[in-house]
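Q: Provided herewith is a single structure, encoded as structure tokens, for subsequent inquiry.
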Amino acid sequence: MNKQLLSCSLKSGKQVTMVVASVATDGVDQQVEISYYDQKVIGNGSFGVVFLAKLSTTNEMVAIKKVLQDKRFKNRELQIMRKLNHPNIVKLKYFFYSSGDKKDELYLNLILEYVPETVYRVARHYSKQRQSIPMIYVKLYMYQLLRSLAYIHSIGICHRDIKPQNLLIDPETGILKLCDFGSAKYLVRNEPNVSYICSRYYRAPELIFGATNYTNSIDVWSAGTVIAELLLGQPIFPGDSGVDQLVEIIKVLGTPTREQIQSMNPNYKEFKFPQIKAHPWNKVFRVHTPAEAIDLISKIIEYTPTSRPTPQAACQHAFFDELRSPDARLPSGRALPQLEMDGPNEVSATGGDMAGPSA
């Protein structure tokens, strides 16, 4: 098992760390010696710490995610990330293990490509300026999010924590990359999963109802709430607690029917809810919100999990037609990043007609 090798200072004052790391490509058992410097903390949480650093050989910026490793188990995030290869998913380059301060403490270090911004920070910037995020960005970022979901779902992986903070973007190119697979899991039919997953504002209602046999459609719901947030300038369902989260959803969708509750969790037996009518979608959003955007959200933010479109089908919605125009450009005048459905796992689209609002 790899251990951190050496940390030293050069005459320039740079603190350089040298490690023996494993190449991240799945099925490749190769170790390389790498060194990095200019390490600084750029994020932390219950999972561990994220550092920004530069690789000495190339001066390439990387993010190093350091998490405490339980020696009894394989790290699920590492196993999943080694399988992933998609332009809209952050790339794992190398990984290595290091010792902690305490006896027998072991850390897993994931060396990832660095992407400078997040959808969360960009949306907050526009909100502080009392401006709406340009619609071309909403379309561009959300299309790429759906592409990334189409890919991971096609290989059986559910992300389970879609939120603006986990959507990395390069403002210059407009490319979006999904990150943080710490909650991700291969979902197997009839195998139970924990329902307390996903950040509250973006949590699908079946999770709030305690479902353990949920599907990839929880990611689709989360994606819908992110699109809605970009259009509104604030979260669409800002619940203060698990129960309050359901209240916020009911305010918009109305009280779920008995059949809808059964579709979310067949084992849920309590049906005592105040009867509230659905709020018209066009009154949820600002006056000038495109009808296609509202139509897409109304199809995604749906109680019955099987009624939500697949990510592939959502990508075909009329809301994204502008991206398919050869004349489409970023506000800077730069061409859009490559967006066609370009992989065998992204071609098929099931989930009904997603053409857009009827005339």
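Every residue number used here counts from 1 along the chain in the order it is shown.
Including glycine, each Cβ sits where the backbone N, Cα and C put it.
When I checked Swiss-Prot for this same protein, it listed these features:
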| type | residues | note |
| --- | --- | --- |
| ACT_SITE | Asp161 | active site, proton acceptor |
| BINDING | Ile42, Gly43, Asn44, Gly45, Ser46, Phe47, Gly48, Val49, Val50, Lys65 | ATP binding site |
| DOMAIN | 36-320 | domain 'Protein kinase' |
| REGION | 330-359 | region 'Disordered' |
Q: Give the residue from the binding-site residues Ile42, Val50 that has the most other Cβ atoms within 10 Å of its Cβ, counting over every protein chain displayed.
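A: When each Cβ's neighbours within 10 Å are tallied, Val50 tops the list.
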Q: Go through Asn44, Ser46, Gly48, Asp161, the listed recorded positions, and name the one with the sparsest Cβ surroundings, counting other Cβ atoms within 10 Å.
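A: Ranked by other Cβ atoms within 10 Å, the recorded positions Asn44, Ser46, Gly48, Asp161 bottom out at Ser46.
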Q: If H, G and I count as helix, E and B as strand, and all else as coil, what does DSSP give for Ser46 (ATP binding site)?
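A: The three-state answer is coil.
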Q: Can you check what DSSP calls Asp161 (active site, proton acceptor), collapsed to helix, strand or coil?
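A: Going by the DSSP assignment, Asp161 (active site, proton acceptor) belongs to neither helix nor strand, so it counts as coil.
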Q: Do you know offhand how many angstrom separate Val50 (ATP binding site) and the residue listed as 'active site, proton acceptor' by C-alpha?
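A: One finds 17 Å between the Cα atoms of these residues.
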Q: Tell me the Cα distance separating Asp161 (active site, proton acceptor) from Asn44 (ATP binding site), rounded to the nearest angstrom.
A: 16
Q: At the level of the C-alpha atoms, what whole-angstrom distance separates Ser46 (ATP binding site) and the residue listed as 'active site, proton acceptor'?
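A: Cα to Cα, Ser46 (ATP binding site) and the residue listed as 'active site, proton acceptor' are separated by 14 Å.
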Q: Calculate the distance in Å between the alpha carbons (Cα) of Ile42 (ATP binding site) and the residue listed as 'active site, proton acceptor', and round it to a whole number.
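A: A Cα-Cα distance of 20 Å.
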Q: Quick one: pull the CA-CA distance for Asp161 (active site, proton acceptor) versus Gly48 (ATP binding site), whole Å only.
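A: Roughly 16 Å, rounded to the nearest whole number.
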